[in-house]
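Below is one structure; the comments refer to it alone.
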């Protein structure tokens with residue numbers, strides 16, 4: 001609003017209204033959604049008249065197409081995505097030093113635990129804008145499937161075990177032990193399901209209120225409730241039998257076999273939960289993540305909440321593989337993406353800033369309160385299993401953060417202070433691959449003198 005200049009012969013009463021409403025919350029409701037996606041300062045300066053009966057100039061006709069498309073992005077989407085990438089890098093690099101922000105060993109919620117649901121939430125919001133108008137459902141479906149397959153392929157490459165770690169200079173992956181699931185694979189699955197719902201499960205009618213919004217997307221809410229019910233039925237209804245696994249020993253000796261006693265139903269502890277059992281049965285235990293987060297629990301590490309040597313009385317399950325992005329837990333990840341999709345619908349159908357924020361904050365508050373209530377009554381917040389309470393709390397937290405960013409950036413126009421985050425959000429996938437998946441350190445590590453261990457990373461104390 002700082003660079004807004006009143007137009008000649010403009011209504012003086014409106015100037016007084018702007019003075020009383022500096023963030024433009026009392027915005028006329030007749031504008032197109034694309035204009036609502038503009039930063040407020042740019043939107044105001046590009047509009048000749050604000051009265052609905054007068055012609056409105058949305059975008060300067062003489063501006064080049066590239067700048068025109070750039071200006072039509074909802075800045076808060078990029079800023080939110082960029083902030084999530086920044087949090088991801090922070091917890092990956094600092095989480096081992098500061099346990100308070102590292103992933104919770106089992107139950108509980110930390111800063112690192114909100115990164116994944118924040119990504120899924122903003123994917124859902126973006127999908128509502130992407131598929132606002134469809135020229136062909138079949139073509140859109142084909143494009144969505146191709147995008148999901150690309151994400152799956154990238155995820156398998158960077159997280160399946162092909163790229164070496166900082167302490168292992170061997171490239172390649174044993175197909176019999178490749179990790180099938182991962183962060184990008186989970187995002188791909190959630191993206192595909194949410195995209196198909198948005199393409200095929202839209203109702204008719206005009207949205208004028210919250211109830212009409214629910215009616216228009218009632219089938220999407222039906223899918224959401226079905227997925228929640230499926231998850232709850234499986235995790236609390238499946239019988240988990242005893243199971244065993246192998247751990248490697250000396251090369252000349254056979255692997256050691258450890259047995260885990262279960263024989264229970266509805267258990268949500270590390271050893272006998274249905275999430276792990278489904279992954280072991282379908283994916284195979286050799287294809288699961290081999291450094292589970294519960295290895296940092298007090299029962300499994302003398303350095304808890306960090307990794308460390310096993311205590312003398314450690315239970316047998318402490319060294320068992322467990323995938324934090326497994327099959328059943330990904331069902332609730334899809335729910336988070338679908339919740340974000342409904343938040344995006346509010347952007348599409350409501351033009352006024354006040355209406356948008358009101359329709360965001362009501363479900364946001366309900367999700368947070370309901371999630372903590374579930375945790376209080378025994379359905380614990382658990383990131384690894386992606387529990388229902390965890391879904392509610394993290395989706396609500398994402399809603400709060402997104403509303404705050406939207407208010408600051410797209411309503412009040414304070415976008416310059418978020419320039420770096422906006423850039424990171426527009427290049428989130430590249431930054432994730434380069435930074436979080438160690439691709440950049442691996443490339444740097446390839447330059448050495450005399451011996452592969454004599455490289456720049458080792459010189460500065462990384463990968464030793």
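One-based numbering along the chain as shown.
Any Cβ shown, glycine's included, is placed from N, Cα and C.
As given in TrEMBL:
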COMPBIAS  51-63  compositional bias 'Basic and acidic residues'
DOMAIN    73-197  domain 'Heparan-alpha-glucosaminide N-acetyltransferase catalytic'
REGION    1-70  region 'Disordered'
TRANSMEM  79-102  transmembrane segment
TRANSMEM  114-132  transmembrane segment
TRANSMEM  144-163  transmembrane segment
TRANSMEM  183-201  transmembrane segment
TRANSMEM  221-239  transmembrane segment
TRANSMEM  327-348  transmembrane segment
TRANSMEM  360-381  transmembrane segment
TRANSMEM  387-409  transmembrane segment
TRANSMEM  429-449  transmembrane segment
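Most Cβ pairs under 8 Å with the transmembrane segment (221-239) belong to 327-348, among the candidate stretches 327-348, 360-381, 387-409. Non-local neighbours of the transmembrane segment (327-348) in the same chain are 33, 36-37, 74, 116-117, 120-129, 132, 181, 186, 189-191, 193-194, 197-198, 207, 213, 216-217, 220-221, 223-224, 227-228, 230-231, 234-235, 274-275, 278-279, 282-283, 356, 359-360, 363, 367, 384-388, 390-391, 394-395, 398-399, 402; each lies 6+ residues outside the stretch with a CB under 8 Å from one of its CB atoms. Counting residue by residue with DSSP, the domain 'Heparan-alpha-glucosaminide N-acetyltransferase catalytic' (73-197) contains 84 helix, 1 strand, 40 coil.
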